[in-house]
Amino acid sequence: MLERAPPRPSSGAAGDAVRCRHDDAPSRRPWAVPAGRARGGQRRAGAVKLVAARTAVVAAAAGERRSAGAEPVAAAPADGAKLANGSAVAGISKLVTSNVGKSTNILWHDCPIGQTERQKLINQKGCVVWITGLSGSGKSTLACALSRELHSRGHLTYVLDGDNLRHGLNRDLSFKAEDRAENIRRVGEVAKLFADAGLICIASLISPYRSDRSACRNLLPKSSFIEVFLNAPIEVCEGRDPKGLYKLARAGKIKDSDTMQNWGLPFTSING
């Protein structure tokens, strides 16, 4: 067997030898500089900078490996303090499950980044502007105009249009009273999430029932829900008639008063 050759001396000053990077190095950190080695002897300024730079790179790489390999664990607050949700561990809200509606055994999971932090990031307060009115009153037009104006002033907005949502999220719902209520409930919950994210959410829906609108209002603090009734005259709405609903009502093809109200039609005026 051939014996391992001793490390070659560097081209620096006499007696200043550079050891092989594997000699005496920990098995898990082959690029680490053994304790006491880097500081020993008189080294030139260039060699010292090289060792320091290499040590920094090693430390950074080791930190990246540790963060990628294991999920960080939140430390308990000092002095035995608990988080706002009653738990000493971030993200865990009292290990007690609950039942909400048809959902059973569910657990609310908190996040350390909340509404306050998000609002500071985008420098605005989230809220909901709820525009209601008859069919053809101009709700969607007003919502888009308001969004455009706020955008020009540097505010982040999002429009939840009733008809647009029925192309996707609410496409499984009809215009019957019970489906209308579910439609409004879903939009209210989505609007609440947008407001919680710090956005100015503009919802434009007929939403004829006060109880449905009140339920959405109760999802947010009073100052965060702004209800706007677009009180356009019936003659103006019928003159626009973008969906042809007034024409159908005049022709007697929509006779049920509840259905007409759900469509946003003032049936008492149309039927006499």
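Numbers run from 1 along the shown chain.
Glycine too: its Cβ is placed from the backbone N, Cα and C atoms.
The region 'Disordered' feature in TrEMBL is assigned to 1-39.
The feature compositional bias 'Basic and acidic residues' is assigned by TrEMBL to 18-27.
Looking just at the domain 'APS kinase' (125-256), the mean pLDDT is 93. The domain 'APS kinase' annotation in TrEMBL covers 125-256.
Under DSSP, the residues of the domain 'APS kinase' (125-256) split into helix, strand and coil as follows: 62 helix, 23 strand, 47 coil.
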